[in-house]
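Record features, source TrEMBL:
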| type | residues | note |
| --- | --- | --- |
| DOMAIN | 40-466 | domain 'Major facilitator superfamily (MFS) profile' |
| TRANSMEM | 21-39 | transmembrane segment |
| TRANSMEM | 86-106 | transmembrane segment |
| TRANSMEM | 113-132 | transmembrane segment |
| TRANSMEM | 175-198 | transmembrane segment |
| TRANSMEM | 204-225 | transmembrane segment |
| TRANSMEM | 273-294 | transmembrane segment |
| TRANSMEM | 314-335 | transmembrane segment |
| TRANSMEM | 347-366 | transmembrane segment |
| TRANSMEM | 372-393 | transmembrane segment |
| TRANSMEM | 405-430 | transmembrane segment |
| TRANSMEM | 442-461 | transmembrane segment |
């Protein structure tokens with residue numbers, strides 16, 4: 001066992017360590033996440049083109065317009081701010097519901113068909129969105145968005161389940177970053193292209209039509225080249241298959257037939273998992289507070305409107321994507337230091353992704369009003385540096401339990417998205433006067449506090465060794481040492 005990992009580290013399988021079929025799987029997951037996030041943010045961009053700037057705000061006018069079945073798809077709609085908020089949030093109502101079931105199905109039946117069917121349904125609903133709003137108004141679009149959320153709830157858990165089968169233990173951070181950076185790419189692409197599409201002959205419906213059509217291209221490639229496990233893939237070489245199987249924690253991955261029932265009691269009593277859940281929740285609170293409130297903060301405190309500026313709107317996503325690959329490079333540099341453990345690596349990058357943003361948020365609260373571009377730079381870097389968490393807590397589910405990684409991701413991501421929904425509401429309670437910098441200072445201090453507490457618990461209680469409940473009949477393994485250990489937790 002020890003010999004195998006030494007062979008991996010010293011390059012015995014060097015010809016299999018670089019570009020292989022496992023990287024193809026991650027590239028396909030990259031585009032899967034790109035589509036998923038593009039379909040999430042497309043409505044926020046389409047609403048700008050659908051409503052224009054002179055839209056009345058009375059409910060009566062809005063109700064009259066949205067029920068006009070003789071309207072053409074290119075006409076302007078008049079929605080109140082409340083109706084817009086319902087349309088934008090309805091996706092997440094459904095998204096939270098299918099997190100845990102999605103992880104369970106992925107671990108039992110494989111991620112390939114689950115992702116294929118989920119994105120197929122979501123693509124079709126994306127194509128139907130213009131018709132829904134034309135004939136059913138904002139209420140019908142809310143229903144469509146809710147069902148879209150249901151179809152996407154399994155995306156993160158299934159991706160984690162697939163990574164647990166395909167990623168060698170010491171490549172998890174890198175391969176997970178490749179997969180999940182697709183979320184930034186999809187957001188960037190939608191923000192950059194939506195205005196061009198809306199101004200074309202297709203009009204604003206083209207945002208949905210072209211986005212949905214792109215999904216079918218991905219589905220063909222996914223069906224042809226993706227597999228839930230390396231053993232099922234017909235293109236993988238014998239050398240790469242051996243490398244993956246012998247370096248991903250030596251025989252702890254179980255098939256659906258031999259996998260024990262999900263150990264719910266042990267999972268929810270595990271300190272490493274509970275600390276992982278907390279840090280996921282606190283991370284999402286801070287992250288979505290920033291992404292959803294940056295436009296309002298800059299508008300009311302600095303007098304600058306960026307919602308209609310595609311460059312400024314997409315800048316945090318661009319920086320986050322660039323930083324994610326910088327941190328991958330840095331992790332490889334650190335990995336060459338033999339004395340640094342995987343546990344140190346996870347906690348080091350997680351601390352970067354939480355405590356540096358914590359400091360910048362506190363500084364932001366005291367930035368003078370005339371420093372608009374400094375504020376934009378600070379906010380963008382705060383979001384961008386959070387990409388370090390891809391090498392921290394966001395891959396720790398697989399460290400703790402390769403067999404149940406999808407379920408663990410479903411649990412923590414479901415809880416974290418509840419926090420994502422609560423964060424903007426909390427901002428509404430705290431910021432009673434949007435032009436009062438002291439109110440915004442409290443918002444930033446609260447997010448900074450969550451960043452501090454979440455990462456502190458992860459540093460204290462977080463672990464990278466496989467937990468005993470992952471494979472009750474096997475010894476607990478330490479990925480760093482690759483030797484059987486007595487149960488630590």
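Using the three backbone atoms N, Cα and C, a Cβ is placed for every residue, glycine included.
Automatic, uncurated: that is what TrEMBL annotation is.
Since this is a predicted model, take the numbers as computed values, not measurements.
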Pairs 6 or more apart in sequence, C-beta under 8 angstroms, 3 or more of them: is that satisfied by the transmembrane segment (113-132) and the transmembrane segment (21-39)?
yes
Is it true that the transmembrane segment (314-335) and the transmembrane segment (372-393) have 3 or more Cβ pairs under 8 Å, skipping pairs fewer than 6 apart in sequence?
yes
Give the nonlocal contacts of the transmembrane segment (86-106) in its own chain as ranges (CB under 8 Å, at least six residues past its ends).
40, 43-44, 47, 79, 114, 118, 138, 141-143, 145-158, 160-162, 262, 406-411, 413-414, 417-418, 420-421
